[in-house]
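Beneath this line is the structure, given in structure tokens, with notes to follow.
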Amino acid sequence: MAFMPCFYVPKRINLAIMLFMACLLSYMMRVNLSINIIAMVEDTSVHENGTEVEALPDYGPRYNWTQSDQALLLGAYFYGYMLTSLPAGTLAEMLGARNVAGYSCLVAGILTALTPAAAAWDKYAVFVLRFLIGFLNGVVYPCCHSLVSKWSPPDEKGKFVASLMGGTFGTVITWPISGVIIENLGWDWAFYIVGIFVLFVVAIWFYLVADTPAQHSTISLKEREYIESSLGDTLSNKKKWPPYKELVLSLPFWSLVMLHYGSMWGLFFLITATPKFLSEVLGFNLSSAGFLSSLPHVARLLCAFGFGAVADWIRRRGCWSVTRMRKAFCLPSHIMPGVMLIILAYFGRDPYVCVAIMTISLGFNGAATASNLANSQDLAPNYAGTLYGIINCVGTTPGIFSPLIVAAFTKNENTIDQWFWVFNIGAAAYILPALFFWVFGSGKIQKWNEVQTTESREDIVNTKL
């Protein structure tokens, strides 16, 4: 960090905090239905001893939604999310990431608060509402990556990307808090309180965030010059359409797509299925299920900042090329989580062992801040938002598929034996993309970034493998 007077808080620190909060809001609106739906449905669960037990007391109206209905509603968010993820990066680069992300969160928060009314009307009204919330939130992460590319000095990139783990913290706090809210106020308030919180944070977002250092009204000249000089000429001030043809033909880009897909499969599977698994299969009550479901995400959040700091240290030292570093971090971010899911499939009979293995698995995945989550910044700083939008669009599909796969395997019986194949499918989704990235992945700035760069120490390091 550049030296600043003690009374001056660097504006890029404010920005990193708001990136964290934007991602937190996105995930609060994404995951709240995963636990709220347990209290919304009429349901019985078959536990290991074969007895049928009423899942929950009444915390509000109960709806006769089948397992397939629940899978449809849990997946609805991701249908909308996938559509806007694709053009979101380009929208951010053309219209400004601050406004695109801010107004989208604002409207999505209002729709979240309307969910109880939609549920009282019809399950398809909930589907439409969840689709629209996902549609609006699909722009958030590409916008954040666009802001990172314009505000983050290269040797702070790991910490900035780690700030996007605000989504993980959103999961961490939403599940246990929702469980407490449901048991004390009813499930409808688990939607209202999230909506109110979103509106509060969005107001702060518009006050603190600017698209670039040059557009920030209160940034110091020293900090602005430091950021702009550290980025050098890898960024262009001109608004240009992304090089889609070159993207389609780029093996490093397709390697990133696959790597991100594998990471998102594991993440979205745990987001959509863990509360249900802990409550209905392992027999935990709702507040316990919410708390225990959050533990893997706590581990992911903490490890993300740790791995991000290590990646920044490696980059400052210049001992590895960016390519070598990204490939090395695939071991903790993908291989180890996959191995842990295989262990879970074979040895996850004890409830607390299950939670421990899930926690270790997702904790290792925190290294994604130094692998798939950072690689779009490496390949094309000018189009980091666009690249992330595309990989996020593809990476959203596990949010649709994983609930359907869980529903298919647990249609007739919902015990640990049915989840054996679910865990193994998740393991394969983690490991196979990492192997592909090891062969074809890259950390070099690609020619289609369309900016002529002068040779620097960074470029020299990047040429080493």
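Keep in mind that glycine also has a Cβ here, set from the backbone N, Cα and C atoms.
Features as listed in TrEMBL:
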| type | residues | note |
| --- | --- | --- |
| TRANSMEM | 12-29 | transmembrane segment |
| DOMAIN | 18-445 | domain 'Major facilitator superfamily (MFS) profile' |
| TRANSMEM | 71-88 | transmembrane segment |
| TRANSMEM | 100-121 | transmembrane segment |
| TRANSMEM | 127-148 | transmembrane segment |
| TRANSMEM | 160-177 | transmembrane segment |
| TRANSMEM | 189-210 | transmembrane segment |
| TRANSMEM | 247-271 | transmembrane segment |
| TRANSMEM | 291-314 | transmembrane segment |
| TRANSMEM | 326-347 | transmembrane segment |
| TRANSMEM | 353-374 | transmembrane segment |
| TRANSMEM | 386-409 | transmembrane segment |
| TRANSMEM | 421-440 | transmembrane segment |
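Only residues 6 or more beyond the boundaries of the transmembrane segment (71-88), in the same chain, are considered here, and those with a CB under 8 A from a CB of the stretch are 30, 33-34, 37, 65, 100, 123, 126-128, 130-143, 268, 272, 385, 389-390, 392-393, 396-397, 399-400, 403-404, 406-407.
Scored by C-beta pairs under 8 angstroms, the transmembrane segment (353-374) has its highest count with 247-271, from the stretches 12-29, 160-177, 247-271, 421-440.
Take the transmembrane segment (326-347) and the stretches 12-29, 160-177, 247-271, 421-440: counting Cβ pairs under 8 Å, 421-440 has the most. Below 8 angstroms of C-beta separation, residues 15, 19, 22-23, 25-26, 29-30, 33, 72-73, 76-85, 88-89, 91-93, 97-98, 100-101, 104-105, 107-108, 111-112, 114-115, 118, 157, 160-161, 164, 167, 209, 211, 376-377, 384-389, 392-393, 396 of the same chain, each at least six residues beyond the ends of the transmembrane segment (127-148), sit close to that stretch. Each of 12-29, 189-210, 247-271, 291-314, 421-440 was scored by its Cβ pairs under 8 Å to the transmembrane segment (160-177), and the highest score goes to 12-29.
For the transmembrane segment (247-271), same-chain residues at least 6 beyond its ends with a Cβ under 8 Å from one of its own Cβ atoms are 30-31, 34, 78, 171, 293, 296-297, 300, 330, 333-334, 337-338, 341, 358, 361-362, 365, 368, 371-373, 375-376, 379, 387, 390-392, 394-399, 402, 406, 422, 426, 429-434, 436-437, 439-442, 444, 446, 448.
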